[in-house]
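What Swiss-Prot annotates here:
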| type | residues | note |
| --- | --- | --- |
| BINDING | Q167, K343, R372, S373, K394 | (2R)-2-phosphoglycerate binding site |
| ACT_SITE | E209 | active site, proton donor |
| BINDING | D246, E291, D318 | Mg(2+) binding site |
| ACT_SITE | K343 | active site, proton acceptor |
Amino acid sequence: MSTIVKVLGREIMDSRGNPTVEAEVHLADGSIGMAAAPSGASTGSREALELRDGDKARYLGKGVLKAVTAVNGPIAEALIGKDAVKQAELDQIMIDLDGTENKAKFGANAILAVSLAAAKAAAVSKKVPLYAHIADLNGTPGVYSMPLPMMNIINGGEHADNSVDIQEFMIQPVGASTFREGLRMGAEVFHSLAKVLKADGHSTAVGDEGGFAPNLESNAAALAAIKVAVANAGYELGKDITLAMDCAASEFYNKETGMYELKGEGKTFTAKEFNYFLEDLVNQYPIVSIEDGLDESDWDGFKHQTELLGDKIQLVGDDLFVTNTKILARGIKEGITNSILIKFNQIGSLTETLAAIKMAKDAGFTAVISHRSGETEDSTIADLAVGTAAGQIKTGSLSRSDRVAKYNQLLRIEEALGSKAPYNGLKEVKGTFNF
């Protein structure tokens, strides 16, 4: 029986030393699922609310005992006796019980942890892997693929204490024939980059997502360093390895002046000027994907950016869409970007996450599954990427066990599925590429 008999919440620690919510869901047949909510550093203003205690005397106000109390109290009471396999029903019960637009009463961190734990318990009860259960919930049973990783090997912005304003410089092993081979290629470039940075006198300390966080003279210098690292590792840029960036431009947008300020290199841009700045980088390097290239509220600027670059490369909305189908629907209607970043905790439940992925795919958008800067050992996003055949995943660099946990889970899944889960490389990325 997959009937829920116990729901338990607790406060645990994330990869940045901040508390987060972990939940357990126990079923009548002895099955148990456990999951933890991640937490972001650069967050969209329209994300579902992450409930924090606000008690400055405890964890600097970042405790999550209120959210844990919600799990152990009203959420547990509402879910006990329900069928864990009926994910949509469970999620709707929690959403209705919370009763707010952005899950402000219980916190998206509480609802999400329980939502994912219930899915894991249901998979155990069905005696299937989590990715298989997710495929069932997605209405695509038995349809899988291994995701092309976006590996964040230079961290800037809110993810690092350095002079680099653009938040993530990533590599994608598009020339690999399997995920395992792609992971190896990424690791080799990562270690090659360490040598390049050291030789130039830069620090090889890492940021929140495991990438290096050097002080560089410009954002373009990050791309130049990666170019050298790729060549030194024995790979060809544009053939074996392509590049991607997450600008997280809301973090350097000045709302008072309406300007984009790259303080690290002393430059200021209007929205159109910044779009042309990005176009220049795309013309210089094989960049196939740019995320959050403008402020989350700059829809006119995004329209211009999409007209300028949307036929050439993948333009990903993260802070722009916050995994929210209502906002995504507007983007699709207005022709804004061509891809969405998928983060569980931006919306706060598995069911709503699956709905966002489906809406994106139905509209011809790509969907990139993503971690957050504050992570745990929980590797659910690996199963989500495979179980929805999303095609791409962002889960950091090749260091820090909170990042590597997801890669290791993907290795296990590929081993189990073999040819049933193809690795499609650059075919998964939106754009027309002529390198």
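Heads up, the Cβ atoms here are built off N, Cα and C, so glycines get one too.
Using a 10 Å Cβ-Cβ cutoff, D318 (Mg(2+) binding site) registers 28 neighbours. Q167 ((2R)-2-phosphoglycerate binding site) sits 10 Å from the residue listed as 'active site, proton donor', taking the Cα positions as reference. Calculated from their C-alpha atoms, the gap between E291 (Mg(2+) binding site) and K343 ((2R)-2-phosphoglycerate binding site) amounts to 13 Å.
Whole-number maximum of the Cα to Cα distances across the (2R)-2-phosphoglycerate-binding residues Q167, K343, R372, S373, K394: 17 angstrom. Each residue in Q167, E168, M245, C247, A248, I290, D292, V316, G317, D319, L341, S370, K394 lies on the same chain as D246, E291, D318 and has a C-beta within 8 Å of the C-beta centroid of that Mg(2+) site, without being one of the site residues. Here the binding-site residues are Q167, S373, and the one with the most other Cβ atoms within 10 Å of its Cβ is Q167. Here D318 (Mg(2+) binding site) is compared against the recorded positions E209, K343, K394, and the shortest C-alpha distance is to K343. In terms of Cα spacing, the binding-site residues D246, K343, R372, S373 that come within 10 Å of E209 (active site, proton donor) are R372, S373.
In this structure, the binding-site residues under consideration are K343, R372, K394, and the one with the smallest number of other Cβ atoms within 10 Å of its Cβ is K343.
Recorded residues K394 ((2R)-2-phosphoglycerate binding site) and D246 (Mg(2+) binding site) have their alpha carbons 10 Å apart, per Cα-Cα distance.
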